[in-house]
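Copied over from Swiss-Prot, here are the features:
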{"type": "DOMAIN", "residues": "2-184", "note": "domain 'tr-type G'"}
{"type": "BINDING", "residues": "Asp14, His15, Gly16, Lys17, Ser18, Thr19, Asn131, Lys132, Ile133, Asp134", "note": "GTP binding site"}
Amino acid sequence: MKNIRNFSIIAHIDHGKSTIADRFIQFCGGLSDREMSAQVLDSMDIEKERGITIKSQSVTLDYQARNNETYQLNFIDTPGHVDFSYEVSRSLSACEGALLIVDASQGVEAQTIANCYTALDQGLEVVPVLNKIDLPAADPDRVVDEIEDVIGVEAHDAVYASAKSGMGIEDILEQIVEKIPAPKGNIDSPIKALIIDSWFDNYLGVVSLIRVIDGEIRTKTKIKIFSNGKEHLVDEVGVFRPKRKKTNSLKAGEVGFLIASIKNIDGAPVGDTITGAKNSASKPLEGFKPVQPRVFSGIFPISGEDYEKFRDALAKLRLNDAALQYEPENSDALGFGFRIGFLGLLHMEIVQERLEREYNLNLITTAPTVIYEILDTKGVIYRIDSPSKIPINQSIAEFREPIITANILVTDEYVGVIISLCVEKRGVQKNITYMGGQVSLVYELPLNEVVFDFFDRLKSISRGFASMDYRFERYQKSDLIRLDIMINQEPVDVLALIIHRNDSVHKGRELVEKMKKLIPRQMFDVTIQACIGSKIISRSNVKALRKNVTAKCYGGDISRKRKLLDKQKKGKKRMRSVGKVNIPQEVFLAVLHID
């Protein structure tokens, strides 16, 4: 056990984390050169295309150190994006140390800080590494100062490396062996293991990535899952090198996979504890918390016939993604679909893209919303995740919205524009710190202002230099109202929004104008109205397509023409009362992009 090292890598998106992992695998001979592909551990197509890691992965390598001893290195690859921070915290809790990888040209970014603090809070040993040292723009001295000033980790002896060329890889492995402590644990104690991640395999059922804390798990051992008390027989255990390799057992301190014919992913929740069925541990490991979605959106199949297929696709995705929560939703405008909860906007995009790509579905997505609290006059608190769930006739004492604390890191030339953006989004400045050329801004912002287009605008006004990380703070009383959109006097439930009263008139007008351009002309007039309660705040018409019914009247009496026009008018009126307006997908997306 003293020769085991469990470690994780903390890095911002695109700072070279997955490439360093590839070099480790190559250096320790995990795969032959022929089998090596770029970013071995990013197994989903979408991960490779976007160049990001979404699911946690793991690999076990044997490393012959300079002191001639062989060490078992268990490396757990983690996602870098703010939406997947729960996956990061679970992966970190299975390790004794973490490599902090920072791009030597870009310096420290907000996401790195957040994950690094998580690691330090859990008592991990952090080993700094400067990657991309061979870039012409690399400035290692500045970055070392930044790591020490911003994060507070000793970095003067950081390893200089270039994952692309393979420089410094052996030095990093030596640092892991020297600095990261060996795991603690007792092989004779009752079994205790942490589920780091779970995914579904069509043939094997649920495969769980686990870190054994105490005891030893062998095949045919009977185990128990702590949170639901269910018992299972272990079919197979083993390690990833990075291909799956069967072993006889997993001992205390080791990381590997476990298959126990568990039928669905809820049977092995991520972050939960596994123990022996007969000789059980008395209490579970700390830190398990069910994942709470923060952003909700309605997703509907464009064709009603796809509903069953959509439901099955969601159930399959849910097998691999414990953070995904959904419930059926019925909309007058869009028919049957699901209200789905996500960790954040990137998570939402990825889920929608996977549904469309892997399951061949055409979907319409409504504007994302967050969870609000409503206090009624009787003192009862409701939580709602959709504007259509707001009780219209009940008296609301106060409306509360979720507030987040955002930590924004940016170069000093863009501070002005970012402060303006935060003020526009109803932000309250809490702190501002200048560190060399970097500035750290801390703002409290309403989450629903961030959900729409905050990230996109932050990136565009700072030319991509700003990075941001946020955490949920509290619910706070706010003057919010429900804005409804009516098409031909019929409210469209999926277009309703919850917004601040001060923005309502401006946003209502803007939305109506945008929809006027996007709704195609019909055979009858289409009226678009924005209203708050019974008060109409904006209105616009999409003119009808008309046939020239008087074309064949040459000269003659005016009453003949009028008779034809009146007949057309009556027909249009009747058509309008029975006609349905087809709303294209762009209209729902327009709700997302109102400034």
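Yeah, the Cβs are placed from backbone N, Cα and C, and that goes for glycine too.
For the binding-site residues Ser18, Asn131, the ranking by surrounding Cβ atoms (within 10 Å, all protein chains) places Asn131 first. As a whole-number mean, the pLDDT of the domain 'tr-type G' (2-184) in this prediction is 75. Other Cβ atoms within 10 Å of the Cβ of Ile133 (GTP binding site) number 20 in total over all chains. Around the Cβ of Gly16 (GTP binding site), a 10 Å sphere holds 23 further Cβ atoms from the protein chains shown. Asn131 (GTP binding site) carries a strand DSSP state (E or B).
In the three-state DSSP assignment, the secondary structure recorded for Gly16 (GTP binding site) is coil.
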